[in-house]
Amino acid sequence: MNTQHIHIQFLPQSFSLQKQCTSFTVVKRPSWFNSCSTSGAIVRCSVNEIEEQKQKQQVVKRAYPFHEIEPKWQSYWENNRTFRTPDEIDTSKPKFYVLDMFPYPSGAGLHVGHPLGYTATDILARLKRMQGYNVLHPMGWDAFGLPAEQYAIETGTHPKITTLRNINRFRTQLKSLGFSYDWNREISTIEPAYYKWTQWIFLQLLKRGLAYQAEVPVNWCPALGTVLANEEVVDGVSERGGHPVIRKPMRQWMLKITEYADRLLDDLDDLDWPESVKEMQRNWIGRSEGAEMDFRVLDSDGQERDIKITVYTTRPDTIFGATYLVVAPEHPLLSSLVSTTQSQNIEEYKNLASRKSDLERTELQKEKTGVFSGCYARNPASGEAIPIWVADYVLGSYGTGAIMAVPAHDTRDHEFALKFDISIHSVVMPDDESSSQSEKAYTGEGLIVNSSNLISGLDINGLSCQEATSKVIEWAEKTGNGKKKVNYKLRDWLFARQRYWGEPIPVVFLDGTGETVPLHEAELPLTLPELDDFTPTGTGEPPLSKAVSWVQTTEHSSGKPARRETSTMPQWAGSCW
């Protein structure tokens, strides 16, 4: 059969087969055309190909043509500095400062939580501008921290290079969202001109005794070579990398936020916050009133040694019911309390406890564990010799790191006493008879019983719990066995990290004496030295200790040789301030 050609022509540029097809012509129609079963398919195929071609050529019509509008106006805003807050403003107008939490510029870019919050503050900033306010709405970068340092270690790239690259990406993404930031006031915590003031604030706190060094139990990650905050530890491993974390005592810089505990607590009453949130804050601060009581440690002959264990208790009224003491595995006196026969067991237990977080250790539902120290102490009220145990449900960071255990009137102590067969003495008679017949610990109030000793000179039988508490504290202060004490769950802020990528702490230590000397304000900023090797030292010394020529210096006033602090500030030092 000779090859025949079919030509189909559609006149309109845009058409529908049913409505707009004006004509088509078949040139030299073959004889087989009418009978060919595939002729319809041939026509349909040709029509479909033409449709696809025309659809590709057509511009998609959007209800909101963002690809046209947004670049145009974002370019206009930037070129004209539309959201710039001028240095000279009309002071007759009210001022409004809209500050977002600075993002950490990770390599992954913005996540959905960033625009979620920033959209709300941007709406507020725009509203206030329309209402005639002078609005300041800046953006900045919380750019120091562990992730950048770890990436530097893994890739061999300086953290400043990756951080600046990430900042550029974040800035581009935020601008594409069209937020009304004053980009002329952009700041970054890694710039010396900025962290000069972070260091300045530290010096002011140091002058006022609000910054100090102390030996404290910390979350130490050997693999990362640094101390981690509680929020950076999940189920006993580092959030970054999943490395094992242990608890170990280290000398660290601290900020005395507990100095303001009462003020923080009192000022909650004036805040227009939901009551549930304020209650969470009160529980976090955790103010409690009680007493510190001293228990003398006994030698193998039952004689008092020149060592005492100080405990904090909110129930001094139950002191006659204290049948054992518990010290935390990290208690500073533990090595002096352990008998030779128990030393190995104690070391093994300390090792196990160091792998647990504070949350795991204090979980009420967990099975209680502990080891007998092999040593005893004297109950100052009853005169009885009571055993000293080591247990991880007591934290070295809370109170004194030791408790007097009253198993008849404390749930955790009761569970522990039952497990280890320790005596239980009831000293509070409940008002409710059904409670007195319960096999569980009675934690409520009532009348004090079984609480008198002529030798100690303390008799609180028949008193209410409140009356007994006052009398026990009065007796303790008079006899030198204790004192009234207010305590808080709130802890001072651990303000040091064994890292390179952070703000240097502006102090030096004099050679020989170790005396701490703050830098003069005129010496700020103390800038980070350039380091090619950011890897952990493996000794607990921070990476900055490798910058020998930077570390070895002289004290400004005296000219004496000195050594710089090699720990750096935590990531959020710059962003919080």
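A Cβ is built for glycine as well, from the same backbone N, Cα and C atoms used for every other residue.
Annotated features in TrEMBL:
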| type | residues | note |
| --- | --- | --- |
| DOMAIN | 101-233 | domain 'Methionyl/Leucyl tRNA synthetase' |
| DOMAIN | 282-476 | domain 'Leucyl-tRNA synthetase editing' |
| REGION | 535-577 | region 'Disordered' |
Contacting positions for the region 'Disordered' (535-577) when only residues 6+ beyond its ends and CB under 8 Å are counted
101-102, 104, 140, 142, 144-146, 153, 189, 194-195, 197-198, 201-202, 220, 223-226, 229, 250, 252-253, 494-511, 517, 519-520, 523, 526, 528-529
Counts by DSSP class (helix H/G/I, strand E/B, coil) across the region 'Disordered' (535-577):
12 helix, 8 strand, 23 coil
DSSP says what for the domain 'Methionyl/Leucyl tRNA synthetase' (101-233): how many helix, strand, coil residues?
68 helix, 22 strand, 43 coil
Need one number: mean pLDDT over the domain 'Leucyl-tRNA synthetase editing' (282-476).
92
